[in-house]
Amino acid sequence: MFLLLIILQALAVAIAQSQGDHKIIGGYRCVRNSQPWQVALQAGPGHRFLCGGVLLSDQWVITAAHCARPILHVALGKHNIRRWEATQQVVRVARQVPHPQYQPQAHDNDLMLLKLQKKVRLGRAVKTISVASSCASPGTPCRVSGWGTIASPIARYPTALQCVNVNIMSEQACHRAYPGIITSGMVCAGVPEGGKDSCQGDSGGPLVCGGQLQGLVSWGMERCAMPGYPGVYANLCNYHSWIQRTMQSN
């Protein structure tokens, strides 16, 4: 029985790892600029879309630690990811600060702060959001946004920013779905019947509950939105002090 549990846990870890540059299914097109804290991370000199992110101040963005790359830019004020837009701003990342206890294989402590090369201009299409200082209770309604695939397992990527409404799941439900893997640095969100989820390409994007940033898209099953397998997010309420301290000291 113990060996079987080890095998099942190892399989679950392998499934989580297989997502790579992870993770909207069952959602809808966001109203233009309704998520003004949403950031698109771009990698390399070619500015290839990589991940989502969230604007915390006029010079700091937060995203998933597994989105780290040697060269990063952030695009803000975006709706259509493939077109130039009058509201957009693109700024190079000057410094990447992953959480010091980030564990890539387990996706634990999967968060990273990005200091921008210059301050961004705040306005109607570009706004900051506060990190939640207290954890959300099970059943709390939340919204996730991103430019990740809208179909799974065969990927189909949108041009416009997508939103999906999900609920915070209980710790028990989260542990049942992923036994032996979930830590205090993670929180699950979804719907019991499945069909609504973040997915590949949404990584680092916001889980917003009650107007506060509660989580970042981190990992999940390779096939998204499956019943009984919610998405897993970095549980930012447990990192509030580290986030504030890091931004103030850098």
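Note that Cβ sites are derived from N, Cα and C of the backbone, with glycine treated the same way.
Disulfide connectivity taken from Swiss-Prot links CYS224 to one of CYS174, CYS188, CYS199, namely CYS199.
For CYS209, the disulfide partner recorded in Swiss-Prot among CYS142, CYS163, CYS174 is CYS142. CYS174 is paired in Swiss-Prot with CYS188, the candidate among CYS135, CYS188 named as its disulfide partner. The disulfide-bonded residues recorded for this entry are CYS67, CYS174, CYS188, CYS209, and the Cα of CYS67 lies nearest to that of SER203 (active site, charge relay system). Residue pair CYS188 (disulfide bond) / CYS199 (disulfide bond) shows a Cα separation of 14 Å. Closest by Cα distance to CYS51 (disulfide bond), from the recorded positions HIS66, CYS209, CYS224, is HIS66.
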